[in-house]
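Swiss-Prot lists these features:
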- 422, 495: Mg(2+) 1 binding site (BINDING)
- 495, 497: Mg(2+) 2 binding site (BINDING)
- 416-530: domain 'Toprim' (DOMAIN)
- 447: site 'Interaction with DNA' (SITE)
- 450: site 'Interaction with DNA' (SITE)
């Protein structure tokens, strides 16, 4: 075993500024920074694994709000540091830039200067507990806000002399961090990634609050990574290979396959850090791959079609490239792009040699890959011809713009905005209602093409898409230039119904797949047209949704109610809680039937703790009191099933754990408890929901409430005042928070594969709270 003692810890001082400027060290003090703290501690353990001294990492999110990271590595050194004269582990936890990562003999490869990380985590934690198992002893030390509050002390002996490792438990400091609640979903993705990239490393993750427990372990990690990343059927087997360059101490590992897909999905990593912007290693990979495949096509396939180029080779490619190197050079602070020049040549040569060998030894698979590239080249040429029809001249004259476009007078992109409007009738209202100086209108006829299911050559033949590209002025694909964008706000404006939502989704898919920089730079918005218009006498109010309508009715209805024993503000707040309670009950009724039984279960104290037979008796008495006819009833220890004839017809009711664990049931129960915090004596035993309805009816009396199905129902002035006027309107800016997750959702929901989409809908249908049919 490599000797890992205090002299391996190199020190660069200065922890004072971390709490003052945490963003400089962890990116931000929000969700991203919080989880970065976890990664820094876990990365230390993974570095031990890459050095060959650790094969198990356990991460636990505790109910108390802490994160525990435990590894079975060598354990941080506990002997006295030669220059600091305190235990080396204390140095690592309290001095910035102290760590074995600065010593090439200790860690041949590392994700970076992780000695920075663990001390920063300590500085940003209100409490941190370090436990070390080393040389038969168990050591422990506690810190608060980066400062030791105890000496390093021996608290026991290990079960065996060989047992070793480090455990760090930290509680994020809410006085520095804006967010201190960890999100399991974010962490799961990263830990799974780490397990893929490190064969034989077992990462166990547990969240005590939800009892979530998962273990990630892969023997052929990169091959599994490629398999799991495939959104469509693989056309080839997964090709995997690895190599070690002794001169530069660089390990290269690659896995790739081709799928029946138009999109490329290449992921690259350096020392387990995702290089989302690529770099020299990714460039070398694509260079070697293209060279091998193009050479094979030139030597083995005679064709009169266009010769493929590198871009064609990437169509349908799924690949993972992982490098582990001793001194990576990254471009920028984020380490998202590798700059080490020698990596390009190393990776390119390895990939060329291995792919060349594979193609020679596997003629059937070679033919599949070659034909896919040839088809991509053919489609590219067709796309090029179609693109010429949509390509914008240097200075767009009015004559070249789409005929349906009602352009604005301003030529300043910063103040100009374009509305993509569903249908000609709504387009007509929008054209009449707009501010012609800076607002342009482009009506879209029907539903645009689903670009997820179509090749670019077909996409660019779509009249609606051609009109959009021409109007925007920024081009598409290789001709894309965001500097030529004619409008800095592109606003999707559709009806507030199912078709409108579908058109929004189709447009978002198009922007995401082919004009993603417009989303990334904040140019794409969705207009929030009102769903309701309330008119009473000369009063006209527009309300964006049913929640806004209900709140409006409550606020105006209580003015007509003469109530003693509660103030108007308290009454208003109470009724808004009651309104939410009613909403959750009605949603539950859609799933389980018998609203009266649901209310009984929620509102009867200790009902959920009753024996099922006792519960059955109480429920039957309740229903019989309502003159419902019980046709069948059957109870076991864990469930109750009954059929009843009600005024609404024959209904079935099932009572079991599915109901009790339903998120909506829990929400309804919680909301009812909130209601009970109010003094309800003023109701004089009147039902709170009946009273809510009474208040709403006062506001509805003599009023006309119109629900808009389409923008075309609104006159130009209404549309201007509610949806287009800068002072009044509400816009949603499109953002991409997680590129991979977004990509997966678009592929799943908009792609060709029916079964995965059906499974997704079935899994999430119960979580839909509003469904417009």
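Glycine too: its Cβ is placed from the backbone N, Cα and C atoms.
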Going by Cα-Cα distance, which of the recorded positions (447, 450, 497) sits nearest to residue 422 (Mg(2+) 1 binding site)?
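Looking at Cα distances from residue 422 (Mg(2+) 1 binding site), the smallest one goes to 447.
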If you average per-residue pLDDT over the domain 'Toprim' (416-530), what number do you get?
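In the predicted model, the domain 'Toprim' (416-530) has a mean pLDDT of 88.
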For the C-alpha pair, I'd like the distance in angstrom between residue 497 (Mg(2+) 2 binding site) and residue 447 (site 'Interaction with DNA'), rounded off.
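That comes out at 13 Å between the alpha carbons.
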Within a 10 Å radius around the Cβ, which one of these binding-site residues has the most neighbouring Cβ atoms: 422, 495, 497?
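Of the binding-site residues 422, 495, 497, the most buried by Cβ count within 10 Å is 422.
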How many of the residues that make up the domain 'Toprim' (416-530) does DSSP mark as helix, as strand and as coil?
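Tallying H, G and I as helix, E and B as strand, the rest coil: 55 helix, 21 strand, 39 coil.
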How many neighbouring Cβ atoms, not counting its own, are there within 10 Å of the Cβ of residue 447 (site 'Interaction with DNA')?
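Other Cβ atoms within 10 Å of residue 447 (site 'Interaction with DNA'): 14.
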Taking 10 A as the limit, how many CB atoms besides its own sit near the CB of residue 450 (site 'Interaction with DNA')?
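There are 16 such Cβ atoms around residue 450 (site 'Interaction with DNA').
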